[in-house]
Amino acid sequence: MRWCPSLMLFGFLAAVNALSSSGNRLLVVLEDAAEKGLYSTLWGDLEARGYNLIFDSPKNEQLSLFELGDRAYDHVLVLPPKSKGFGPSLSPKNLVDFINSDGNVLLALSGKSTTPSAISSLLLEFDIHLPTDRSSIAVDHFNYDTISASEKHDVLVLERPDKLRPDTKDFFGGEGVLAIPSASPHTLGDTSLLAPILRASTTAYSYNPKEDAGSVEDVFATGSQLALVSALQARNSARFTLLGSVESLQDKWFSATVKTPGGKEVKTANQEFAKQLTAWTFKETGVLNVGKIEHHLAKDDLTVEDLNPTIYRVKNETVFSIEISEYAYDKYIPFEVPANDALQLEFTMLSPFHRLNLTPVKQTENSTIFGTQFTVPDQHGIFSFRVNYKRPFLTNIEEKHEVTVRHYAHNEYPRSWKISGGWVWIAGLWSVIGGFLAFVVVWLYSAPTSAEGQRKQTQ
Amino acid sequence: MAESLVDVLLKGSSGQNTRGLLKVIILVTISAAAVSSRLFSVIRFESIIHEFDPWFNFRATKYLVQNGFYDFWDWFDDRTWHPLGRVTGGTLYPGLMVTSGVIYHILRFLTIPVDIRNICVLLAPGFSGLTALAMYLLTNEMSSSPSAGLLAAAFMGITPGYISRSVAGSYDNEAIAIFLLVFTFFLWIKAVKIGSIMWGALTALFYGYMVSAWGGYVFITNLIPLHVFVLLCMGRYSSRLYISYTTWYALGTLASMQIPFVGFLPIRNSDHMSALGVFGLLQLVAFAEFVRGFIPGKQFQRLLTASIILTAGLAFVGLVVLTMSGVIAPWSGRFYSLWDTGYAKIHIPIIASVSEHQPTAWPSFFFDLNFLIWLFPAGVYMCFRDLKDEHVFVIIYSVLASYFAGVMVRLMLTLTPIVCVAAALVLSYILDTYLKITPGPVTRGNLEVDTSSGLRSARNPEVGITSYFSKAATTSSIIVYLLLFVAHCTWVTSNAYSSPSVVLASRMPDGSQFIIDDYREAYYWLRQNTPANAKIMSWWDYGYQIGGMADRPTLVDNNTWNNTHIATVGKAMSSREEVSYPILRQHDVDYVLVVFGGLLGYSGDDINKFLWMVRIAEGIWPDEVKERDFFTARGEYRVDDQATPTMRNSLMYKMSYHNYNKLFPMGQATDRVRGAKLPAESPQLSTLEEAFTSENWIIRIYKVKDLDNFGRDHSNAVAFDKGNKRKKANKKKGARILRSE
């Protein structure tokens, strides 16, 4: 057992180094090593945040996402390939398996090169649709950068994204504008696992520069239906982010100044956005962790045995609490439910019998304890406490704890004399018994005398 | 010398002692024979609980022994009927479990450590020995002949009609209930004969025990009032009758209401109303008898008629009003199905789907009762000859039980005792007539003084058989019949009724025995390889066995009270995967178990039961599941490539035949039960994956997949895993689907 302490030491070291909540091994798939220099600020940022960057080419035969059936990396950043595809090690099947085993993927595309069909079919599995020609770019004649793309209008200048919905947390917001050069746009299907991070502005449309026609007739999608950056959070909370424009990560655009038609020259916020994007994808933000879950009868003197019983009775008064913390870059902080949202507890058998809002009861240094109290419904069966909290950009909480709800035992009903309605019957019962006894007494003491009297008469 | 010794032994007071001793020895031997003839299955296989229901009783008994009586009383079972659970303590007849629990604790007290399983296995044979004794007592009340009781006991001991439900391992309610039935009837006859409160109270006591043991107590509840009613109609009212019936009814009803499962039924359910009605009638008749002593005849007649009409009318109106208002529950479906054999099939398929609720085929009467069945009418005739109160009882019992036995196979069990009684009456009469070695014609009536009337020849009739030849011929033929009966009983018991049905036995081509143990193999697989809380869905037949052997929660089991829940399982089995999967998810199903006999030719498999699943599901969802869709256009139920699309897409079909063709050379897959050649390619399952298939493919277990990680359909996910490229979903068809947050 000598390896035990060393393993623990290694674990602590890893914990100190890794800022992501799920490991620091980051594979960067880069076909052309010469291009590495174009993104040096990004690599520097990532390394500063504790990632262990491993650069590899998809052409490398030895490259494998798995080692001995286990994940070899925690995160993968895929830059668009120059050639037609990625090769066998990064086939859609492998990437899906990687995500299924809790790996996170950031996939960057570029409008300058044709997206490989393998990628397109992988995205199709996630219900993300690319234009059929796979080489369209997003163009906007109103919100473009007049400095660098005065002719082509293919460098989009966009506000940093706002909250997706009023009830979600904001992980990508902030001051400043983003420059998105030659972005490959996509549209999203209507599934709840997908969420757009950055949409094109309402005047944007998709356009294939290789087609000579001056006008676009059969447009793929327009306006805010075009997503430029999107996120898929799988059911196991593994994250997949699709970035339409790999160029926006380049050093050049981290420090560029852009100017919209009729606007002022401003510096881009691409570096900040890239940080937010990688942090979210590699699980530095938006990660919820469930701590203790406790349920018990509502009573004052609780012992350890009273916690989390497996059986309740109908109409019991029950207390439920759940401890949730949120990971923010380098530490766990108490989780706060967004203003318009609610964390809910369901007490379910086939369908919910109760659906209650969980309110914060207590806050510790790095977690919030939410709780509620309710009466078990008057229905026996196998119920479960369920907390099913799935929100865009937050990892899924799906807790299910089965408990049995039993009926009243025979000695838990009130006794007959405590029920005032039963007094009539009890009185009837006892009066019959008393009457019978009285009759017996009278009979026993009166019968022989009459018999003797008769005998006397006959004599 | 020997002559005189026999004389000493058979005559006088020592002769009585000898007879008594002989009777005891014979009865003990009969009991021993009754017990030992039920041990075939233990010797051939092992000490194992049989069939389906006994597994639940066994599990409940174990719970009782482990947790004590009060916990058993309040037992909420969260491992059946998931997710509803079952208030088991309040919905079972506890008599059987409590009996074995008491035996267990007595043996422990005597420091004899016996495994509770062995007590359960051997309880039924043990009680069958007692039944033989009770039968002796009952028949003795019917006949003055000493041999009748012994014959009846012997018949009861070995007749297959009773053995079918009481072999070792058949740990079912009937195991003790038949003893209680016979003994209660004996006590009742005794009470009527003597008119004593004590015997009436004893009847009530054993009636209460019977109620605690078996739902068939309703038979007693109705038979005794009917007996009383018929006696009243025959003008045989007596204080004996009044005392015994009122004692029995009052105490017996109170006793029966102590069982939680019965509760207030005796005063609220139509099945029990006849007992109450006869109780009331008896009071009226008793009152009328009392009044008759004071009022002269003619006025009394008028008064009587008027009052009878009035009370009968009032009682009837009261009954109708109470039934309409719902105070008295209407007749249950099972009751209707007793009168109209087609009723259950139309209205309650769940009842009709049970094989033991089917009408009896006529050969099974002979199979179960052998020569008793043709002695039976003669015995009933004998009862008409001296029509005492107890003989009326035999006649009523015979008529009712014959009818019921014709309607339902399982009610053969209630017919058997009375057949034994009647046959014993006849046979003892024949033997008494033919077996007595008398030197000359017995003259009867010569001692009587009455010579005032009648013919001279009738005055001094010569009755009896004198010819030794006819005596020998008749006696020997009877003996041959008896021997044949014993041979038949042994053969039937050994071949038909001693299979545990958990373990199947078959013969290899060379004649050696081949044990098929797939059920236990699969149940132990579940026990060893699945989490303790994994929910298993199967058709309800296997619910008790899964609960007992695999110790896993089940969705439905053999306690068929919740038709909707069973129909839900039926729907999941008979629908397409896309429909079934949400049902499976909603009910937290982890594994699905099906029984498939196609490889071995085991005909009791799920595909053969499948139409019942469809029918029961159709009863609840007539729009979604249709029986017609499972038949081909020509009305055939097929599983080969002619099968209807509904059939081939049903979950049950897919689970049964999944990968079955891989056992055979290309295109040669055959189903040996239905003799059908199967389609070349195996059905594709996307929402389930095969987890286990037993050695002979009898049990197949499938694991329900979790939702897809990327929110895809399971069929798409499976296609992706196989490497098929997805076609573009929305290819310019209709309006574009826009996404909005």
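Counting begins at 1 with the first residue displayed.
Each Cβ is built from the backbone N, Cα and C atoms, and glycine gets one as well.
Predicted automatically and left uncurated, TrEMBL annotations should be read as such.
Database features (TrEMBL):
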- B:21-422: domain 'Oligosaccharyl transferase STT3 N-terminal' (DOMAIN)
- B:536-585: domain 'STT3/PglB/AglB core' (DOMAIN)
- B:21-43: transmembrane segment (TRANSMEM)
- B:91-107: transmembrane segment (TRANSMEM)
- B:119-138: transmembrane segment (TRANSMEM)
- B:144-163: transmembrane segment (TRANSMEM)
- B:175-202: transmembrane segment (TRANSMEM)
- B:214-234: transmembrane segment (TRANSMEM)
- B:273-291: transmembrane segment (TRANSMEM)
- B:303-329: transmembrane segment (TRANSMEM)
- B:365-384: transmembrane segment (TRANSMEM)
- B:391-409: transmembrane segment (TRANSMEM)
- B:415-435: transmembrane segment (TRANSMEM)
- B:478-497: transmembrane segment (TRANSMEM)
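Beyond the ends of the transmembrane segment (B:303-329), by six or more residues, the same chain brings 265, 268-270, 273, 277, 280, 284, 288, 291, 295 to within a C-beta distance below 8 angstroms of the stretch. Beyond the transmembrane segment (B:175-202), the same-chain residues lying 6 or more positions past its ends with a Cβ under 8 Å from any Cβ of the stretch are 95-96, 99, 123-124, 127-128, 130-131, 134-135, 137-138, 141-142, 156, 162, 165-166, 209-210, 213-214, 216-217, 219-220, 224, 227, 238-241, 243-248, 251, 389-390, 393, 397, 413-414, 416-417. Distant neighbours of the transmembrane segment (B:144-163): 19, 23, 26-27, 30-31, 33-34, 37-38, 128-129, 131-133, 135-138, 178, 182, 367-370, 372, 412-413, 415-417, 419-421, 423-425, 427-429, 431-432, 485-486, 488-490, 492-493, 496-497; these residues of the same chain sit at least 6 beyond its ends, with a Cβ under 8 Å from one of its Cβ atoms.
Stretch with the largest number of CB pairs closer than 8 A to the transmembrane segment (B:21-43), among B:273-291, B:365-384, B:478-497: B:478-497. Sequence-distant neighbours of the transmembrane segment (B:365-384) (same chain, 6+ residues past either end, Cβ-Cβ under 8 Å): 142, 155, 159-161, 164, 391-392, 394-395, 398, 405, 412, 416, 419-427, 429, 481, 484-485, 488-489, 492, 496. Between the transmembrane segment (B:119-138) and the transmembrane segment (B:91-107) there are at least 3 Cβ pairs closer than 8 Å, counting only pairs 6 or more residues apart in sequence, which means the two stretches are in contact. Counting same-chain residues at least six beyond the ends of the transmembrane segment (B:415-435), those with a Cβ under 8 angstroms from any Cβ of the stretch are 135, 138-139, 142-143, 145, 147-149, 151-152, 155-156, 159, 161-162, 178, 181-182, 185, 368-369, 371-373, 375-380, 382-383, 394, 397-398, 401-402, 404-405, 464-465, 470-471, 474-475, 478.
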